[in-house]
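Annotation source TrEMBL lists heme c 1 binding site at A:124, A:127, A:128, A:266. If you look up TrEMBL, you'll see A:175, A:221, A:224, A:225 marked as heme c 2 binding site. Residues or ranges marked as domain 'Cytochrome c' in TrEMBL: A:111-200, A:208-289. Annotation source TrEMBL lists transmembrane segment at A:35-57.
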């Protein structure tokens, strides 16, 4: 800490000291340049002018508005409008192109995917999860099992009109409550559950009567789920012979499905979202990878062993991010 | 004897008492006189070169082929690229800039250890532009005496006209300075045409206005005050200097006691002590920061050496040896007084260390630049879902990859993965070559983001498997790698 000494005129420089002394080293009190003083006054004047011109002081339930009538909300709206105007060309293209056309155009496809991802987060993630991973009863959109079909047009139709929704054009088809409605007895349902598990190779319980189950299945279930439980996309009847289970593969869950029936609802999004957004959503969901065979059929045949000739090597529908000085500036 | 040079009373600020001490002072006007000599010549040459480089560099062309601009030095902010002749830097390679800054500060340290603030005196933009503005002032308004007379005398038409002309030329230089600045950020010839026809983007005009204002104010009015009040380098300098650093030094061992040539000659004749300094104050008259170097090394001195030129001219005229003021050290002054030999040691641990560090950092940077990858691969695992079970029971992980093609031509890359036995790769919307590798075409000087699906067969996958992605340039065979994990239930 400094010791207080008397202020004095420093002999060497002729400048007065501050009166502070650190180990007998004294601090000079050099005068400030006058322009510094004027700069300081200028900042004060600026601050006052700013308070008058712009919103500045908080009041109890309001704030001083400022004479320039500037609003941060308007500034945001302007920024958003500018962004929309900048994107207008691509947005218009997206609105007019068909799904397949968009997928052929890497930049448009990237734009659609980005827009679709945002729309997915806002509208779909609540049930299907942020990355489309799904949950019990809500299909995982990343896998290759599609209740209502996984082609672009199928997915678009499902998004637009929903399943068991308020729309007439939505997918229909319900799993009856075989037990609750008294159509089948509990024992018959138990045999059926054992048989359904065996369709995808799951081990049967001890004493399971698969033959009895098969008989019940053929009489009651095959109409929708198919002879071998391969499912029916027209009716949204799940494929029972694959490894993917919407509600669960354990016997109790299957019994529950058989007893009470199932019928998950997907809303008809055309009632809430515009056509372009639905299109973008379709392409985004498609790009999650649920249909690898679709990924490779750009030219109408499998791309395996059919690498495109060099020279014409524009990337296929990949997200081409513009980062380089491609366009002259 | 050493007392006299050290006392430095500031005539206009010396208070009679504490109460009279001023809180604020106006700038003491400085009218540096024209001077000729070795250091002035060096300063003119450096001024011409540094300003020449600054003003004309943007117009130098460098052919990079059809896919990039042909400006030798360009900061392309819109596309995030920096071009320097044959080097092109991407934003993520900003460490090259860090390296340059490290080199710049080491160079400053080395300069400082050898000869103090020569950066300030010769190369600092503030010094160079102020020097140029003083030259204009002298050319239009006349030399020191005339300018002092103009300042104290009546405002005649001639004086006003000359002042107007001076400020116009200053503004012209300032405007050109701002104009040159913006040319580093866009294709120079194009931008010049746009500026001339008022078609340039608003931001260009704003920057020109800002730099016109700062150049005009800092070089025309603030001048040495930038160095004394605003710049931190003089303060850092004080901590970095040492006793061997050559500073502009008044050799008071030879100069004192000062006196007129006639008087001192008479004293010398009588065998009485008499110095070589004739107190002509030419060193003060030419000083651009207005100091009296005879008071010793001081904060305001930028070490430009103009006082050396002034003193040498006078000494030559009166037939005494030059070098009364010279790049020397206080240590040597004391050595001469005490009859010890002078010590000049430019090569010493400090300077050696700086030199070695400069070579080392340059070598590291050059090596990094030479071995620089022209492709880059980064991989990010999907977070949600971490894995997906497909209907046939296989497990799939999805990754977002980003491929950077730093070459100025389109390249095709094949992606492969190691770490899992039965594995297949898919790129969303991509093609697959005969070996089952996705092939990605990336446009010149761009990056490409792709969604990659890795599908593994088998029921007994471990919950985590190390994966190594390899990207191979199909043309050159150059590869890039990235590691990640394959997750399973």
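Cβ atoms are placed via backbone N, Cα and C, with glycine included.
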CB-centroid shell, 8 A cutoff, heme c 2 site A:175, A:221, A:224, A:225, site residues removed:
A:220, A:222, A:223, A:235, A:237, A:240
CB within-chain contacts under 8 A for residue A:175 (heme c 2 binding site), separation at least 6:
A:224, A:237, A:257, A:261, A:262, A:263
Across all the protein chains here, work out how many other Cβ atoms are within 10 Å of the Cβ of residue A:225 (heme c 2 binding site).
22
So, in DSSP terms, is residue A:221 (heme c 2 binding site) helix, strand, or coil?
coil
Suppose the heme c 1 site is A:124, A:127, A:128, A:266. Which further residues of the same chain have a Cβ inside 8 angstroms of that site's Cβ centroid?
A:123, A:125, A:126, A:138, A:139
Taking the Cβ of each of the binding-site residues and counting other Cβ atoms inside 10 Å, which one has the highest number: A:124, A:127, A:224?
A:124
Cα-Cα distance, maximum over A:124, A:127, A:128, A:266, record's heme c 1 binders, Å:
10
So what pLDDT does the domain 'Cytochrome c' (A:111-200) average out to?
92
Three-state secondary structure, which DSSP defines for residue A:266 (heme c 1 binding site):
strand
Whole-number answer please: how many Å between the C-alpha atoms of residue A:266 (heme c 1 binding site) and residue A:221 (heme c 2 binding site)?
23
Cα-Cα distance maximum in Å, computed over every pair in A:175, A:221, A:224, A:225 that the record assigns to heme c 2:
10
Please list residues from the chain of residue A:221 (heme c 2 binding site) whose Cβ is under 8 angstroms from its Cβ, counting only those at least six apart in sequence.
A:192, A:196, A:229
Secondary structure composition of the domain 'Cytochrome c' (A:208-289) [DSSP: H/G/I, E/B, coil]:
43 helix, 4 strand, 35 coil
In DSSP terms, helix, strand or coil for residue A:175 (heme c 2 binding site)?
strand
Would you kindly give the Cα-Cα distance separating residue A:124 (heme c 1 binding site) and residue A:225 (heme c 2 binding site), rounded to the nearest Å?
27
